[in-house]
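Trainee: Okay, here's the structure, questions in a sec.
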């Protein structure tokens, strides 16, 4: 079999409609060869449809899809050099682990012995050597997941797709498996598109993230860009649970701006904002709570709910700015519900959101 | 152009230029004379109307010449395929056996015009090649995710349904508006339609008989209610009581499926006829005078009740089992007594099942032909009336068509009511979640009522079957109980001669013909049914709802109507196949296909769709995916549809009685003939042989299809559940 190496994926104004419902609306992006790009968004935002469009399991209603520079818009899934790891793993229950992994090469017409050798190689790669005679149902969830990955890798596809691969695993296993996937992607230099609704997972594994909302791309960029400079209220809210607070730009200072919020003045990057009302995205960690009135200016507020989570403390605070969600990782003395507190802002993780 | 579309192009040329164009009995004179290929006929001028067919064949070859993209080449293929099909249809319907078919063509181009016979292998192959070229072109245009197999499968099924379901129905509609000479005569239609013999209500006011439509409707309603009540009683006993003989109930529910429908009527004659065994007993012991009461409404009613109660039972047992016990337990924890729970929770939840059971009984009674034929006496129903309109002395085809439309309207109306009434309600009580509840026992009164209806009925059914079993081995039921093998010898004698075995029994011909037709039809039915189910569950395409309607439509058409419509549609060119085994096979395939579709859909919706998609992304085409992933997981549905279609092909009477010929006489029509001739012994012996053969066939299908699943099946079954969870 010819090794084709990683390829780019390009969407040019792709739209997918089901009757009156548009699930992907005029979407354009490019995935560079050898990178891992995450499609992130709430359920129903069109991210899985986008993935299935890459795979060829759906055909675009409008627009063009290119893989490795070649137009594949109307090519069926079987003719595209793309493999996919399914959310349910989709292991064939009537075949053994080995037959599952060897399925791809076998149906391409490769002799059985050669196909099995290739499959054994990939099984060893994912650390499942010795389990090849088992039926999929005799494996644990994590092992089944690795069989699915081995089966997708065996054809050495130009593009590998993951549809929420961690959603059926328990919380502990998720971190390990996502690290394994990233390691494999870097080691084999694969182009990977990865769908998830978990922002932490996306931040952890991606070279770039495409955030989708209502069938459109809300923002795309590196994890750092998305977290630090959200382009919209939706992105700010979806990634890192930001508090969205009304504020007023009182002075434009070239690249920076003086922003007044709840009586406090903050000096922030301007990000194109002009004088007048704006929204601030304030990360939960960026709100500092003090039990006693501090020396510097502060906003008086009251703890509505408090939760002790071991590693950190979570508070819901009622303030003149509205209800705020606060995380205290420093673990000051735990505050109790009903206590009066004073709010301040940290130097970072407070951002002006362009409207 | 893909390799497949080149192959279809070559096959198209083969059909046009090599194979005999018309249906011929032998190849004498090939390649000229009657067996000539289309190209020869067209060029020699004997069938100049075939000349335009060269155009699509040339268009299909065009992409070979130039270097076209996949999509542009697709356009050429679409154009060629559509043009080919259109030209074939136009010439086929324009030029008939006796010249131009349409009056305006005769006027325009002069009567009688050119003549031609029914299409043969050449024409059929060219039609198929055109269809496949069209489908490959559409696939190249991106239809169905660019999947040529899927588009071809859809195209093939649509074409088959058009020819074997819609065309006959359309023909019957058209011929209802024509007189027997083929002229348009709406006046005659209305005269026949509102005829007193159809809609008359004289029986309410005088001794005269009511119209046949009212007879049929009344019988169907009574039978529907009766089977539903009995079926519910059986279902409640089977699921909600500690009844000891539940196994027997199961047997009871299977027996009628493998019984030719008129056998029960036959057994009733042997018991209650003028010289029946029960009649004889009553006459001898109590002096009850012998009478012919069984021939008429009561005979049909009892036989249909016996025949169709198991169907209601099968529907209702699923519904009763499907009611989540937690719901009933919830009612009880809210202080509802057993009877209140049953009345306010259980019974309302069964409502869709009850409606379904009633409608099935209703439709089955309407469509039943065998029992009214042998038991009807003076009580006429539509099914038999249609039959006698075609084969009787009057031979009034347009009257048969009009009556068929009345019958069709009734059954389609019933299905429409069912759909409209049940379609919008959701009664889902089976969820994916486990249910730890225990169903409560029946309230006492209900249990007693169930036993009181069901047990006598069950005993009666067993007596009926005992008579079927015994009747073949005695000289004459009711008169002479001397044991004899005479009936079996008459039907199934085998003699050894010097040239080997000689099947001299009178039943052998129809027996072998039936086996041949049933064995051909069963795999075809299963294949087409499951393919349709695959397309409906696994693919999305424009017009899917219409496609589904078309595939299930034949289920709602009574057999008698199918029979009449087939002889009307396929007795004349372009498709002239009456009298062949082929028409019987096709009739069975499209009558029984809906069951294959249903069981396929049920099984396939339990298999995770991403299994197919995984196979696709691994480079397997749809066909390979179906073969290697879907089919192995589909074995239960394969068994179900094979068994059903085989059994139905062995037991059907209504449609085939119009379609049999001297060469292809079916077992059922032969038996009906014996009954009409009064040879009850032979008829009943033959029936028990048929039942035995079907039991053997069912076991064989189980073994052949089921064996392969042994390997890793236990683990596989678990994983299917796991994947679906």
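Every residue, even glycine, has its Cβ placed from backbone N, Cα and C.
Sequence annotations record features per position, and here TrEMBL assigns transmembrane segment to B:47-65, B:117-139, B:151-177, B:217-239, B:251-273, B:293-320, B:400-417, B:511-537, B:549-569, B:575-594, B:637-660, B:680-705 (among others). Residues or ranges marked as domain 'ABC transmembrane type-1' by TrEMBL: B:213-418, B:511-701.
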Trainee: Using a threshold of three or more Cβ pairs below 8 Å, and leaving out pairs closer than 6 in sequence, do the transmembrane segment (B:117-139) and the transmembrane segment (B:549-569) count as in contact?
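Mentor: No, since the transmembrane segment (B:549-569) and the transmembrane segment (B:117-139) share fewer than 3 Cβ pairs closer than 8 Å, they do not count as touching.
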Trainee: Test the contact criterion for the transmembrane segment (B:575-594) and the transmembrane segment (B:117-139): 3 or more CB pairs under 8 Å, pairs 6 or more apart in sequence, then answer yes or no.
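Mentor: In this chain the transmembrane segment (B:575-594) contacts the transmembrane segment (B:117-139) - 3 or more Cβ pairs sit under 8 Å.
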Trainee: What residues elsewhere in the chain lie close to the transmembrane segment (B:511-537), defined as a C-beta under 8 angstroms and at least 6 residues from its ends?
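Mentor: Contacts of the transmembrane segment (B:511-537) (Cβ under 8 Å, skipping residues fewer than 6 from its ends): 150, 153-154, 157, 160, 492, 503, 544, 547-548, 551, 581, 584-585, 588-589, 592-601, 604-605, 609, 626, 630, 634, 637-638, 641-642, 645-646, 649-650, 663-668, 689, 693.
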Trainee: Are there 3 or more C-beta pairs under 8 Å linking the transmembrane segment (B:293-320) with the transmembrane segment (B:637-660), counting only pairs at least 6 apart in sequence?
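Mentor: They are not in contact.
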